[in-house]
């Protein structure tokens with residue numbers, strides 16, 4: 001039996017719509033930047049700023065004429081689905097990933113995970129959303145490396161704005177430190193991606209290819225990082 005046999009139709013639908021809409025109207029800046037620059041969005045949403053905005057954009061689209069794909073649902077069902085979609089989209093905030101991972105890890109270690117437990121299903125939904133959000137790390141190397149270039153250009157643009165505002169960007173977002181790319185990827189894959197896919201695999205064995213590819217990419221980035229360090233010496 002696969003995960004779709006354990007989740008309700010609304011939970012599956014929320015995962016699908018959440019994955020489609022989790023970055024609607026992304027500004028190319030992280031939540032810390034939004035808070036530091038006192039952006040209007042940060043004034044509206046003090047936590048998970050961009051994720052709340054992405055959910056709000058989702059609801060805005062649904063409310064447009066002819067766009068509400070949930071129009072056949074009852075009001076209570078509609079409210080339930082929206083709540084689940086909000087849960088899924090907010091879960092893509094990495095600040096929430098760590099507490100979610102800690103909770104689910106403890107449940108797994110205690111061997112008390114149950115698909116019939118609503119809280120457990122909500123946690124696995126959250127981890128599944130994170131794994132989807134980070135899926136570039138689990139794609140073949142040629143796709144992974146090209147995606148990283150695009151992501152880092154976004155990072156560098158934020159770093160440029162931070163420097164222009166008189167703040168010093170972190171090395172990962174400093175285009176004057178391109179040699180930090182490999183090291184930051186090693187830290188990212190080891191600290192977030194591999195633990196995420198390992199946890200997902202422990203509960204959903206069918207996701208093993210994601211974990212395997214992520215580990216392969218980690219090996220390549222580690223090699224590049226080691227070569228870069230040798231060159232510096």
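Just so it is clear, glycine is given a Cβ too, placed from its N, Cα and C backbone atoms.
Per TrEMBL, the features are:
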type: SIGNAL; residues: 1-21; note: signal peptide
type: DOMAIN; residues: 1-228; note: domain 'PDEase'
type: BINDING; residues: 22, 23, 133; note: Zn(2+) 1 binding site
type: BINDING; residues: 23; note: Zn(2+) 2 binding site
For the binding-site residues 23, 133, the one whose C-beta sees the most other C-beta atoms within 10 angstroms: 133
Same-chain residues at least 6 apart in sequence whose Cβ lies under 8 Å from residue 22 (Zn(2+) 1 binding site): 51, 54, 88, 89, 92, 129, 133
Cβ-based neighbourhood (8 Å from the centroid) of the Zn(2+) 1 site, residues 22, 23, 133 excluded: 19, 21, 54, 89, 92, 129, 132
Predicted model, mean pLDDT over the domain 'PDEase' (1-228): 92
